[in-house]
Ligand code: BG6
């Protein structure tokens with residue numbers, strides 16, 4: 001209601017959906033199409049932020065139908081097969097499974113049972129795809145019983161963000177950055193996804209998930225891959241995914257001792273009239289679930305050995321921002337009075353704005369030989385023409401058009417799980433509780449200390 005239908009509406013308005021394309025809403029709720037459309041009208045329309053017109057809306061909802069399908073009732077899948085029968089011989093069918101992880105396997109089995117797994121069928125799997133390496137492998141193995149890998153679209157909406165894709169253009173369509181993009185010139189890299197929201201109404205889901213599974217294993221890992229990967233042979237799906245996989249495989253494995261020193265977990269506490277995590281609805285007393293994670297990671301390859309990659313994410317932080325920061329090394333010598341104060345820095349902001357800023361020293365006007373940092377910057381939203389699609393719109397259109405490059409391959413996803421497993425295991429067996437940080441702050445002191453050890457600072461303190 002909030003993401004998928006509004007995104008399909010935008011694609012409809014932009015003329016990017018085939019005129020004969022149909023959307024079939026499917027869930028356990030006992031509704032008919034008219035009842036479903038009432039819900040769509042009340043719950044989905046309000047999330048359309050641009051290009052709304054009653055006329056376009058009326059033509060869009062003509063595409064929508066509804067069918068009740070309970071994953072435990074085989075007869076419902078027969079009805080589903082019947083509902084798409086007229087079209088499935090000639091057209092592509094996209095099946096989007098947004099469900100608890102335990103239902104992926106039975107849903108795929110039932111779909112296969114009624115023949116909805118032919119080569120023209122694509123299946124989208126929405127996260128969470130399991131809760132650890134083992135359960136994720138089981139899901140992938142079960143899905144693979146019924147669908148070929150090239151039919152499977154594991155979605156991570158961060159990959160649909162225009163600014164993250166722009167990172168590939170920045171790196172591989174320009175000459176000037178790539179020669180500097182390595183341990184010779186880069187001192188450290190910071191990847192941040194900071195949110196101001198708390199866990200809201202999602203306490204129940206969040207408490208069994210936590211920030212590591214919700215954000216690090218997927219979104220931050222993808223940001224890391226796009227930042228650190230080598231140039232792919234081409235932009236074809238497997239060329240890009242091969243390079244991303246190499247990054248994850250080159251990450252230095254964390255021992256339990258490394259987790260103690262290089263990983264910080266924390267929970268927000270009551271502050272400025274805002275609840276602490278433990279006061280949120282549906283969060284059990286004494287929960288140790290982390291709402292904040294900071295990690296110092298290292299990539300053991302030629303390009304990056306010795307450069308710390310700091311990853312962090314948290315809820316109820318002071319700002320909402322997703323960004324990648326490359327801190328360059330200091331100059332070998334200084335001839336201006338004060339230039340040693342601040343080396344160059346490249347900031348790629350994914351949201352809320354989409355921008356690239358290269359902090360560069362320029363001379364302070366007047367007598368004397370002082371310099372100061374100022375940004376050479378591109379604000380993509382303002383300076384580059386063209387409609388900017390929401391991540392989900394881009395990704396849905398890619399599924400419809402059979403483009404896999406922005407989706408995770410099984411080996412990538414499992415490698416990411418493998419890397420985070422020691423963190424999860426260490427926490428499960430640890431008697432040390434998470435750190436606290438006040439709601440509306442930039443996180444715990446321990447995360448500042450993590451960087452201070454190497455003489456580094458988080459971006460907001462630089
Ligand atoms: C989702 C997480 O995948 O990403 C949420 O489950 C989080 O907890 C969201 O709020 C953040 O996405 P975005 O696009 O708003 O940064």
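Glycine residues also receive a Cβ, built from the backbone N, Cα and C atoms like all the rest.
Feature annotation from TrEMBL assigns active site, proton acceptor to 219. The DSSP secondary structure for residue 219 (active site, proton acceptor) is helix.
Per TrEMBL, NADP(+) binding site is recorded for 28, 70, 71, 127. When secondary structure is read from DSSP and collapsed to three states, residue 70 (NADP(+) binding site) falls in the coil class.
Listed in sequence order, 313, 314, 315, 316, 317, 320 are the same-chain residues at least 6 apart in sequence whose CB falls under 8 Å from the CB of residue 195 (substrate binding site). Summarising the annotation, TrEMBL assigns substrate binding site to 157, 161, 195, 214, 315, 320.
Positions annotated as domain 'Glucose-6-phosphate dehydrogenase NAD-binding' by TrEMBL: 2-166.
Positions annotated as domain 'Glucose-6-phosphate dehydrogenase C-terminal' by TrEMBL: 168-459.
The list of residues near the region 'Disordered' (441-462) in space but at least 6 beyond its ends in sequence, with Cβ under 8 angstroms from a Cβ of it, reads 187-188, 190, 192, 194, 262, 264, 266, 271, 292, 294, 296, 308, 310, 312, 314, 317-319, 323, 325, 327, 342, 345, 347, 435. Summarising the annotation, TrEMBL assigns region 'Disordered' to 441-462.
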28, 70, 71, 219 screened against residue 157 (substrate binding site), Cα within 10 Å - retained recorded positions: 219
Max CA-CA distance, Å, over listed NADP(+)-binding residues 28, 70, 71, 127: 20
Pairwise Cα distance maximum in Å, substrate-binding residues per record: 157, 161, 195, 214, 315, 320: 20
Candidates near ligand 1 among the binding-site residues 28, 71, 214, judged by a Cβ under 6 angstroms: 214
DSSP three-state assignment for residue 214 (substrate binding site): helix
